[in-house]
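The next block holds one structure in the form of structure tokens; read it before the comments.
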Amino acid sequence: PGRVRVAVRLRPRNTEERMADADFADCVELQPELKRLKLRRNNWDSDTYEFDEVLTEFASQKRVYEVVAKPVVESVLDGYNGTVMAYGQTGTGKTFTLGQLGEEDISDRGIMVRSMEDILANTSTETDSVTVSYLQLYMETLQDLLNPANDNIPIVEDPKTGDVSLLGATLVEIKDQQSFLELLRVGEAHRIAANTKLNAESSRSHAILMVHVKRSVVDSEDVVSTENNDASRLTKLSKPVIRKSKLVVVDLAGSERIHKSGSEGHMLEEAKSINLSLSALGKCINALAENNAHVPFRDSKLTRLLRDSFGGTARTSLIVTIGPSPRHRGETSSTVLFGQRAMKVENMLKIKEEFDYKSLSRRLEVQLDNLIAENERQQKAFEDEIERINLEAQCRISEVERKFADALEKERLKCQMEYMESVKQLEQKLVSNEERHGNNCFVDGCREGPRQSSVDEVVEIKMLFENECNRRKAVEAEVEHLKYLMGKHTQREAGGDAEVIKVHSVLGDETNQKKKLEEEIIILRSQLLQLNFEAEQMRRCLGSESSVNASSAMDSSMSHVRHSQLKETGNGQKASVAALFEQVGLQKILSFLESDDPNVRIHAVKVVANLAAEEVNQKSIVEAGALTSLLMLLRRYEDETVHRVAAGAIANLAMNEANQELIMAEGGITLLSMTASDAEEPQTLRMVAGAIANLCGNDKILMKLRSQGGIKALLGIVRCGHPDVLSQVARGIANFAKCESRASSQGMKSGRSFLIEDGALPWIVQNANNEAVPIRRHTELALCHMAQHEVNAKDMISGGALWELVRISRDCTREDIRNLARRTLNTILPFKSELRRLRIDC
């Protein structure tokens, strides 16, 4: 008889426990000299348990082997079966205790390695044999770790003896320690593990190492002869005896509580299977400890495999591993109680010897016949499976060909319907044009009214302008006369002071009146420019309508006339602005920006904006301080008209790279962001977005623009939803993506795109297939530039950008963008891998 020997081993605190439980004491207290363990209930009370061995966190691997496994190994060498098993919560060191190879530190070798060292040291390679099987019990399926293809090994029990055998398991003969270590490496590589909250490499299966030892032993019998009362000892050699024994080393998967390990999905199913098999093992040990008549060994494959280890004929040592953390006191208590119950299990050890060679030969012949039959069955099953796969493949090919033909026919019908619909629409347009051609007379009669009214308005404004100019000349003459009088009066003696003061007063009034007149002149000139522009627009509209109904010869002549008129009108408008610039002076115009009269201020801003639209004027405007005045208007006034026109002027100035750094230096991006957050009108938002988009195209101010909120300001503007506004936003994002891509290629920037970090990717993906051509073109270009850098690939794949890139590479109307998308998909490894996984050709 032999009781199951149980040892307990405490794992030291890991890094996480040292930080999280720094203020708490360990939940266990070991007394190795008394072979006792105290499990604290609270700060005042604790439970005491006794074991065969108590191993502290400082116990070496060699000491653990000597007190736990070495007695079992010695029994195996004597011909008895033996079992060494580790049980405990996940992450408490079971695999370290049993399966550590000790490649980096030889002192870390586990029980498996040290057991084989002793077995090989006490056996002969000539007369003895040592074979090894390495298995794992995963999800109630017994799998071969040395041959992963053998993933469902049956368990066969001898009905007479109850011995368990595993048909089909790989048996490897071991000659030296190095081959055994290589075998363990292969098995560990195929063993299933996963990362959980409790253990970075949590075993998801029970590992079972079976070492079969056959030793040839020559027994001798002492025969006593009593003839002639002569006591003499005669020695007689007996038949050779083969002792067959088996060492089973079981590394159980750790028990775990789902809410602590965080297992989910497939890992949750693994945890359930592990806990069920451990629960079945616990029920068997409880039944054995209480001497029940029925022991439920058949509830689990694990208990069927360990039937000989608990209540059978093997010498069994169990090591229970626990952790010190008070957070896991419940799991520690459950492990300790499991060990206590296992100590009550009694085994009856039996030596395994064979003498009948004929029986052995017959059994080998039967086994050979069974293997041959099994091989034939497997061969037949293999041929049937091949035939089934071929039939299935042919059916699938036929189905795919049928579906392809149906899809091709549907596409042909669809194209035919679209072609007929297009022909129908063209016929309707032709009829409409013919009807419009018949109504030309009515249209021509209706044109004269608007044209005459526009001409009258222009003539009236010109007369007002001439009157104001005459009034200004008269006032200037009167001012000169007053200056003359003032100079004359200064030469007079005392008594003339009152008259001088009066002249000064009159002069001041005249100056104020002159200032008001100048402001009115500016307003009238601005209105004149606006009316000229509107009149030209009316002429252009009427000219385009008349050209539709004219003959081909008339079309050519009218086109030439209209071209000349447009050219003259554009030149006239530029000349009017230039004339205004020369007559009034830039400083005078800028001074009106600070006028108290809102109308004067608005018209002055419009004049500056018109001047800024011409590149030749921009340098003088900036040098005169117009940029600072425009930014001041954004900061000081809340009038949205002022904001719109000022933002448009800043956008014009921002087209020049020399002005962009000056705008950033004076806080322009911050003011534009504030204006965008307060504005509601689409035109104002379009001007602000255009200004920011121009700034996004400068590599030098890229970082500063992003840090001051330029990208977030653009994303805030998209709330408007107007196509013109969204087009400017898309242009700004495309400019930023292009500059950022260039900076990354030159090594000036690393890490993810700022557009991804600021949350622009969802909007870009959403509008990459927008109906508006400018929005679609800019967003497609932005996606291609972002995709050129592998660091952005993961976010783009998860954000749905990969599908848009595939669409761009196939359907984009611009060849350069289409080629850029195709080249990116074929060169960036994450995109290639994902496309290969999805089976998409690009």
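Including glycine, each Cβ sits where the backbone N, Cα and C put it.
What TrEMBL says about a protein is an automatic prediction, not a curated fact.
Feature coiled coil, per TrEMBL, maps to range 507-534 of the set 143-170, 507-534, 535-562, 563-590.
Other Cβ atoms within 10 Å of the Cβ of Gln89 (ATP binding site), summed over all protein chains shown, number 27. Look at the Cβ of each of the binding-site residues Gly91, Gly93 and count the other Cβ atoms within 10 Å; the largest number goes with Gly91. Neighbour counts of Cβ atoms within 10 Å were compared for the binding-site residues Thr92, Thr95, and the top value is held by Thr92. The 10 Å shell around the Cβ of Lys94 (ATP binding site) contains 27 further Cβ atoms across the protein chains shown.
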